[in-house]
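In what follows, a single structure is set out as structure tokens and then discussed.
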Amino acid sequence: MTDTTSPATPPRCGSIAVVGAPNAGKSTLVNALVGQKVAIVSAKVQTTRTRLIGIATEGTAQLLLIDTPGIFSTTRRRLDRAMVKAAWDGAEGADLIAMVIDAKSGIKDEPRAIMEALATRREPRILILNKVDITAKPKLLALAAEANEICAFEETYFIAANTGDGIPELKSALAARLPESPWHFPEDQLSDTTSRMMAAEITREQLYNQLHAELPYASTVETEKWEERRDGSVAIHQQILIERETQRAIVLGKGGSRIKEIGATARAGISELLGRPVHLFLHVKVKEDWADDRAVYRDSGLDWVE
Ligand SMILES: Nc1nc2c(ncn2[C@@H]2O[C@H](COP(=O)(O)OP(=O)(O)OP(=O)(O)O)[C@@H](O)[C@H]2O)c(=O)[nH]1
């Protein structure tokens, strides 16, 4: 028998800005909360260049996760400054700010500077100490105390984003803190990023994973053509923009072997994302000042900063 006298639990919906220094594990956390890969993860810092929303659900709550680019102090390059701006823009007006710290690294200059800035903001905030799988317990408690002295957090959580340890508890705590509100997105939607942007991100992830040294920071990927074919497949043309002609050989590899491998892995990832066959065409193009090009910013969802 259905009990018609008790009111149904009201829906909740709100935004949670995930902030922290580069490499703290923000993208891994967003993916763990969503339960599917929406943000690209890499051991190299500054992988996240744009503001992404991962959408997670927990009971009657819809969590809109704003995965901000790592906030860091080097603000010399325009691209760096655009990323810092995107990070703080993402936090503006959020229902909750979640500060993520790599517990293994401790509180270095960057997390300290972010927390000092957070202390002056009005949004409610919680602290998440990540990477507990590789951090000694006594250190965790000392870190929590130290962080809360710099900026008083409403709550502190201990998690390992990449093993899922502490994630269910964190997820329900986040859900409980969101305001009562109808959901903003349909329930099967996981991200607000367009497929074109996600496809470019997947290829960029392969550049990060397969190329070493400084090149990935000097490269970006743009989706230039997207053709839906009658057989249900999609043909995608992407440009890999590099800054110097000398970098071309690195991306191509011996006899084109590197670009082939990048293309094969990226194609499989995009195909999985779209749930249909993909033909991927990669073109390497030198564009010296791509980091100063407004069009690249627009396509990556970043605001241009002067
Ligand atoms: N041991 C361990 N490693 C983790 C954990 N969470 C993330 N990592 C690793 O830490 C590295 C950085 O993770 P990301 O999620 O890309 O970090 P981010 O904060 O989004 O980095 P940016 O995009 O540079 O801002 C990756 O190699 C992850 O696999 C964790 O709980 N434990």
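Residue positions begin at 1 at the first shown residue.
Quick reminder: no glycine exception, Cβ is built from N, Cα and C everywhere.
Please treat TrEMBL annotations as automatic predictions, because they have not gone through curation.
It is 67-70, from the ranges 3-6, 67-70, 191-194, that TrEMBL records as region 'G3'.
The stretch that TrEMBL tags with region 'G1', taken from the ranges 20-27, 220-227, 228-235, is 20-27. Helix first, then strand, then coil: DSSP counts for the domain 'KH type-2' (211-288) stand at 33 helix, 28 strand, 17 coil. With respect to ligand 1, the binding-site residues Asn23, Lys26, Val132 contribute Asn23, Lys26 as residues with a C-beta closer than 6 angstroms to one of its atoms, given in sequence order. DSSP assignment over the region 'G1' (20-27) gives 2 helix, 1 strand, 5 coil. Taking each of the binding-site residues Gly20, Lys26 in turn and counting other Cβ atoms within 10 Å of its Cβ gives the largest count for Lys26.
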